[in-house]
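If you look up Swiss-Prot, you'll see E166, N250, S274, H275 marked as adenosine binding site, on the strength of similarity to another entry. Swiss-Prot lists C68-C156, C71-C143, C74-C163, C256-C259 with the feature disulfide bond. Look at Swiss-Prot and you will find N142, N151 tagged as N-linked glycosylation site, backed by sequence analysis. What Swiss-Prot lists as region 'Disordered' is 316-336, 369-409. What Swiss-Prot records for 1-4, 64-74, 141-170, 256-263 is topological domain 'Extracellular', and it gives similarity to another entry as the kind of evidence. Positions annotated as topological domain 'Cytoplasmic' by Swiss-Prot: 30-39, 98-117, 196-231, 288-409. Marked as transmembrane segment by Swiss-Prot: 5-29, 40-63, 75-97, 118-140, 171-195, 232-255, 264-287.
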Amino acid sequence: MSSSVYITVELVIAVLAILGNVLVCWAVWINSNLQNVTNYFVVSLAAADIAVGVLAIPFAITISTGFCAACHGCLFFACFVLVLTQSSIFSLLTITIDRYIAIRIPLRYNGLVTCTRAKGIIAICWVLSFAIGLTPMLGWNNCSQPKGDKNHSESCDEGQVTCLFEDVVPMNYMVYYNFFAFVLVPLLLMLGIYLRIFLAARRQLKQMESQPLPGERTRSTLQKEVHPAKSLAIIVGLFALCCLPLNIINCFTFFCPECDHAPPWLMYLTIILSHGNSVVNPLIYAYRIREFRQTFRKIIRSHILRRRELFKAGGTSARASAAHSPEGEQVSLRLNGHPPGVWANGSALRPEQRPNGYVLGLVSGRSAQRSHGDASLSDVELLSHEHKGTCPESPSLEDPPAHGGAGVS
């Protein structure tokens, strides 16, 4: 694999990672049914994947060129992707523990898992991720080694090094500290927790079949709780498959220095695989989780496809501005310089207000009637929701909301 092919694939992954994970965050923002503690951790994971596309992949491409830089500047580029990897691992671990509590001790879930605690845990995870990933910046690096053929090029000025990952980040840090302590151990812990989740669920289902007890959870309720655990277990498994190959190569490089170094094409492939994991999660949400899938469709139809059609139709430009009032939201449109509230033909625009916060524009005196659950638009329609929802203390996985959503299900 040539460097040009590697760079092209990395750029495609970056774009897909940004778009897909922005869609995840957007879905949680606009759909109150998705605003629960579990999905707060999902948003944290999506934020790390967005940062991979925005920062980590450009940094990796830059390092692959072997440019000349100050050692600590190169070190920051090399270590930042480790910060995001660590944040992803911590997010997956918190999601796993959240699901374990919901299934094993559901009656105590509301008291143990609250929004305030979830936000605090997310903040702690990000602080720890930066501390672990940027540890080489504090001295555990190769910058203090004498400059030789390994980490210095004659083409670089004095005080600069050829910026390559293995030349500035020591392999003992990558293997013992980063991989063994903070990648492998959390992955094994998640594996053990998911095994306990599925074994406990299987045992409870067998008890329900043999001797149903009054007051126990129904079979359908338990299955609704196990289904998201399966989806999240798939995400953890794919994360392990994507990140382990590169770490295994690092182990071979460290424990067998006399062995031949991995060929460039294999290094490129494992790096692409580790970054490609950032694209996978939104696809799993869309395929496995109904509420996410429906919200994705509404976003794409309402904010992408219909807007494109409006801009193409007749060359008429429309600018929409929303003014908030205590009773709800109002919409005023200006078409081709005409004042707000008046169409080009002189007829008045009469926006229909609804108590639930949704606003429906009237086009040419004709009402664009829609049901509450339909997010498709008529000729001109602005769909807005005043109330973004609050984080429910009880997970929607156990008690589905009245609107029929189910968080991560």
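Cβ coordinates come from backbone N, Cα and C, glycine included.
For S274 (adenosine binding site), the number of other Cβ atoms no farther than 10 Å from its own Cβ, over all displayed protein chains, is 21.
Proximity of distant same-chain residues to the transmembrane segment (264-287), defined by a Cβ-Cβ separation under 8 Å and at least 6 residues beyond the stretch ends, is recorded for 1, 3, 5-6, 9-10, 13-14, 16-17, 20-21, 23-24, 42, 45-46, 48-49, 52-53, 56-57, 60, 85, 88, 231, 234-235, 238-239, 242-243, 245-246, 249, 293, 296. Against the transmembrane segment (232-255), the recorded stretches 5-29, 75-97, 118-140, 171-195 differ in Cβ pairs under 8 Å, and the greatest number is found for 171-195. Residue pair C71 (disulfide bond) / S274 (adenosine binding site) shows a Cα separation of 24 Å. The recorded positions listed here (C68, C74, C143, C156, C163, H275) include no residue with a Cα within 10 A of the Cα of C256 (disulfide bond). Counting only the Cα atoms, the space from E166 (adenosine binding site) to N142 (N-linked glycosylation site) is about 9 angstrom. Secondary structure by DSSP for the topological domain 'Extracellular' (1-4): 2 helix, 0 strand, 2 coil. On the backbone, the CA of C156 (disulfide bond) and the CA of C163 (disulfide bond) stand 10 Å apart. Per-class residue totals from DSSP over the topological domain 'Extracellular' (64-74), listed helix then strand then coil: 5 helix, 3 strand, 3 coil. If one looks beyond the topological domain 'Extracellular' (1-4) by at least 6 residues along the same chain, the residues whose Cβ comes under 8 Å of a Cβ in the stretch are 64-65, 264-265, 268-269.
DSSP labels the residues of the topological domain 'Cytoplasmic' (98-117) in these numbers: 17 helix, 0 strand, 3 coil. Residue pairs drawn from E166, N250, S274, H275, the listed adenosine binders, are separated by up to 18 Å at the Cα level.
Applying an 8 A CB threshold to same-chain residues 6+ apart, the list for C143 (disulfide bond) reads C71, H72, L75, V161, V168. Under 8 Å from some Cβ of the topological domain 'Extracellular' (256-263) lie the Cβ atoms of residues 249, all in the same chain and six or more residues away from its ends. Counting only same-chain residues at least 6 apart in sequence, those with a Cβ under 8 Å from the Cβ of C259 (disulfide bond) are F252, T253.
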